[in-house]
Amino acid sequence: QGRPSFCNLPAETGPCKASFRQYYYNSKSGGCQQFIYGGCRGNQNRFDTTQQCQGVCV
C-alpha cells in the first residue's frame with residue numbers, strides 16, 4: 001500500500017479543550033471520517049477537509 005503510515009493512526013483529540021472539526025482516515029472502514037480536535041498535540045492523521053484526507057490516505 002502506498003499510503004503514509006500515519007494514516008493508520010487512530011483519531012486523537014489531544015488534551016486541549018478547543019473544538020475544531022477535522023477529518024481522519026479510518027483504516028478499519030477505508031474512508032475519511034469527521035472528529036473533533038482539541039487544538040493541540042494529536043497526531044498526523046488529521047486534515048482540514050475530507051478532500052485533503054482522501055488525497056493523502058485513500
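Note: Cβ is positioned from N, Cα and C throughout, glycine not excepted.
Annotation source Swiss-Prot lists disulfide bond at Cys7-Cys57 (among others). In this structure, Cys57 (disulfide bond) is part of a helix by DSSP.
Its own atom aside, the Cβ of Cys40 (disulfide bond) has 11 Cβ atoms within 10 angstroms in the protein chains shown. Residues or ranges marked as disulfide bond by Swiss-Prot: Cys16-Cys40 (among others).
For Cys32-Cys53 (among others), the entry in Swiss-Prot reads disulfide bond, with the evidence type experimental evidence. For Cys53 (disulfide bond), the count of additional Cβ atoms within 10 Å of its Cβ stands at 23 [all protein chains shown].
Residues annotated as domain 'BPTI/Kunitz inhibitor' in Swiss-Prot: 7-57. Here the domain 'BPTI/Kunitz inhibitor' (7-57) has a mean pLDDT of 98 out of 100.
Sequence annotations record features per position, and here Swiss-Prot assigns pyrrolidone carboxylic acid to Gln1 based on experimental evidence.
Cα to Cα, Cys32 (disulfide bond) and Cys57 (disulfide bond) are separated by 8 Å.
Among the disulfide-bonded residues Cys7, Cys16, Cys40, the ones whose Cα sits within 10 Å of the Cα of Cys53 (disulfide bond) are Cys7. On a Cα basis, Cys7 (disulfide bond) lies 18 Å away from Cys40 (disulfide bond).
Comparing Cβ neighbour counts within 10 Å across the disulfide-bonded residues Cys7, Cys16, Cys32, Cys57, the minimum falls on Cys16.
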